[in-house]
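To start, the structure under review is shown below, and the notes come after it.
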Amino acid sequence: MQGRPNGASGDPNPRNDTSVTIDSDSDNGSRHRIAEVRGSSPSQIVPEKATILNDKVKAGPCLSTEKDLGIRKQLALSHTESIIASNPIAVMPLESPKQRLAMESSTESHRLRRARTRNPWICSGLVLFVTVSALLILSIIVYSYQSLQVDPQGCRTPSMRPTYIKLVGFDSEHTRFASKYGLYLYRERGVDEYSEEDIGIKGVPVLFLPGNAGSYKQGRSLASEASLYFHDVLQYHQERLKTGVRGLDFFMADFNEDMAAFHGQTLLDQAEYVNDALAYILSLYHDPRRPGRDLNLPDPTSVILIGHSMGGIVARTVLTMSNYQTNSVNTIITMSTPHARPPVSFDSDLVHTYKQVNNYWREAYSQKWANNNPLWHVTLISIAGGGGDTIVPSDYTSLSSLVPETHGFTVFTTTIPNVWTGMDHLSIAWCDSFRKVIIRSLFDVIDVRRSSQTKQRADRMSVFKKWYLTGMEVSAERKLPRKEHTTLLTLGDDTKSKSILRQDEKLTLRGFGHRKGPKSHLMPIPPRGGVPEKKLTLLTDQKLNSMETNRKLDVLFCSDFPLRAGQSATLPSLNLDLSGGSASSIRLVCKSAAEDVISLPTSTSSSKFAFDNVPSLSYLQYDLEDLTEYQFVVVIDKAETRYPGWLHAEFSDSSDSVIPTRVGLGRLLSAGLNIRLPAERPMVIDIKVPALHSSLLAYKLHVESKDCDGTELFKPMVRQYISGPYESKFFVNVRDAEINLHGIAPYMPPHIGDNAAATGISFQLWSDASCNGPLQLSLKVDVLGSMGKLAMRYRTVFAAFPLLVVSLVLRQQFKVYNQTGIFISFMQALDLCIRSSIPLLFLGLTFLASSLATSKNTLSKSASPNAGSNSTESVIDFSANDLLLGSQDAFFWFLVPLFGIISIGTCVIVNYVAMILIHALGAIRAILMSRKGYIKHDERGNTSIFWSLSTKNRVINTAVLLLFVATFIPYQFAYVVACVVQLVTCVQASWHARETRSASHSSFYNYVHSIFILMIWILPINVLVLIVWIHDLAVHWLTPFSSNHNVFSILPFMLLVETLTCGTMIPRITTHLRHITYVLFFFLAAYSAIYGVTYAYLLHHITNLVIAWLVGIHFFAGGFSLRNLSRVINDSDGVPNGSPITDGHIKKLP
């Protein structure tokens, strides 16, 4: 039999009655225990007195009959009366005497205690229902994320023959990171000439920066293409060489696969190293002994930076460092780089570094004068892979809150001509079609005749827009108005060599070369000033660009000759006579439209994807105001023999070609959007849907068209696009299309200019109107497909919101414990919270999310007229979307309760996983201990039943660990150690609770188990930094982190864990001080929901504060004294209020 006597708290009006409650376990007759000894006089059972009862009990074997039980009762009563009379010592000074007597002297209290100590595995029906709902929602999200609304990818793997030359001269004399990082030069075998004496530095320097845990070898795809393209093409173009084009020398930074995405100090170290590398690279070109040096060209003063993933952030950080050489960087291209926000917010240094770097760039571009802007000559291009990138949300690649359109932009790979495919996080560094565009754009911006090695900023931006944008954007530049007349066209009066269309007549050509010799088709340009405005659209399957030498078609814009006053009188260099010697002829002076040609994917009956490896279409689009100085659009068929192909051109009214919609999101959800286009319609139609701008929703588009009676020129094609950032997706041969976008996303900072994404999505439709059939479009919200969009946008929420639930559960456990003395299980407390505090808190958070979204919309609308001016940049609150859901749309209020349900289910799953782990380890422990046969529990109640280490050894171990934290190891390592120790404590507590069937041991186990669950949810915040530290050890980098050695960030955790290893239960508090515990846990819960996503690193520190308060309760519940401190350290029984276990019988393990 196990006795559990407990002294009563001091009562100013003592009563002369003593009650004894006997609790027998009917399931196991060998286990009986005295539950309580209650008396009015203050008392405490001392260990020496407790052994008297145990000695009497141990006189024979374990008793199981009623007679034996009666003997035990008599022994207990007589012994208890003697103890009560001789031990007037109060146990809990913070406990209310009246409340204790009221709770402990009633039969109802005993029933409550029995109910409170039920099996921790038991799950109530309500908790089970919520958990099943959470699992169902999570399953839908995962299925949708992996299988629905997934963008197709069409990257082809390139081939290369790499050689990496390590620059050993870049040693510790040049940088303090020489032993940790490295610098390489890429050479293509069989193409680049190099030797040990001459490594072949003759071109423009480019430095590739890998991303998080990335290798410098990821830059080989770009470097190989640069070598091959210059070797095979450019070196034979003398005109290009005269304009300053040279080869590219690709250098690569080796960061030893360091993890800058998890640690801010690592990011700063890499940026410092890159600046040292830039200085060294430029010094190689300044060496007068360098072979092949051209004395007629200036030495380079800048290096082009290309960054992948976090390498792009390193590139931007370079310009903010103290060792940065002014103007050593003026061009930065980044791929899948999270510019707007850090990928995770678990490290304070990383969050602060992001904030400082972004503020620097915003401040620089907010300056009114160029002289005050250190980034005036810098161009920054951010390229995103789209939905296929499952590492970095492509929303984070946006530059809209950092850089004005004059200095940079964000574009998606699905937008880039002749790429037209989404990419994942890794393939964007090697995709064959994409790398070709990158390299060709770099060759177009370099100019070795300038010391900067690049063209002026405006010219660079023009080149990048030409290569990376579709050419149909509002900001797209048209080269035609700025060009000189290049062709003098002479036409005869015969109809065989030319045809002149009527005003507003459409031109359709099916096949070319129907006659010998060229034939011209003249489309009169309508006079300007009409309402509505008109625009020209021309589409053909023939090549029209200037790089095509054997073109079958030419498109010219012509005026009468001689020119009118005010126009250039320079005679054209090309004379094209199609008159056939006719006496009466028409002479026109013309400009070619070849430089304004837009490439579009081919759309035929066999087309599947835009990135199919087939020749593209050529498209021209001009507003009428761009054609005011011309009279004719002339299409010249130059094919000498019959040649298959087609062309369609027309002038259309904007009222017919642009269809605005005013449908709201609510109506779109209920009824969808249906548009019927008539048979007589323009070839190109723009459908604008401003209500669709959120990146959280996905849609389904259905296009239904009538089969063409004759030969169809092309199948319907749809371009889905938004303007901020530049994201376009092409759907060829379209019938059904999955629509998703990267528009307004959660937690994104406001734009520094007009928010183009807020204008919504648009659909540009190309259809063959010659089929004379109507066309039906249907757009509906894809609810199931939209669920998967939550995974990437709110992935940190799934770590922050569960901490809210755990905090409320612990708060409920302490409330019940302070009232009854029983620390209920995690599942019991969760059941109570679901019935009380959790719904109320999530309801309040829902109203808060709606009000925040409404207020943000109001403020953004009121500030929008001045948003673009530099003078108002400082008033923009770039942290406006950091709270809660991070959304400006009140429509998504339902996400708060949705995440609440998921969080509850996640906590239940983690709780059961932890319990399975604890019981599995306990079973292993039992097996190991069973080899020793019988185990004798120490008869002394103040000896630890958990750990065999002495107090002195525990103090020494803790002090040594704290010393290491202060000097060498990060506190995150100590936290992981604390989690392991707490796990072992849970295993010990669980084993003793099962073996003794004691309510006190059950309470202690529930307490340490809940603390362990709390620590588990903080563990991911600390593990990532620990991974960085372990990686540094692996590469023999022993320099300690500067910001992760705060002893006070781990001291409360270590003290609490060490205290719990002694088996000491936290004292009850029934005074007003108990409300501090409740407030602290509620504050942790509220912060987890409101700021947990943006500032997740603070969750550790707030939890640390809560733990410090619990440590204070352990140490100073009876007032500050060395005696209380010694009691906590040496107490070992795990019984509440420091009462010892008096069961000293010998027991054999099962």
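Each residue, glycine too, has its Cβ placed from N, Cα and C.
In summary, of the candidate residues N28, N1137, the record from Swiss-Prot lists N-linked glycosylation site for N28, whereas the others have no such entry there. A count of other CB atoms within 10 A of each Cβ picks out S309 as the most crowded of the recorded positions S309, N818. Note on the transmembrane segment (122-142): residues 784, 787-788, 790-791, 825, 827-828, 830-831, 834-835, 898, 901-906, 908-909 of its chain, located 6 or more positions outside it, place their CB under 8 angstroms from a CB of the stretch. Here the CA atom of N818 (N-linked glycosylation site) lies 51 Å from the CA atom of S309 (active site). Comparing 790-810, 890-910, 1010-1030, 1079-1099 for CB pairs under 8 angstroms to the transmembrane segment (960-980), the maximum falls on 1010-1030. Of the recorded ranges 790-810, 829-849, 1047-1067, 1079-1099, the transmembrane segment (890-910) has the largest number of C-beta contacts under 8 angstroms with 790-810.
The stretch in 790-810, 1047-1067, 1079-1099 that contributes the largest number of Cβ pairs under 8 Å to the transmembrane segment (829-849) is 790-810.
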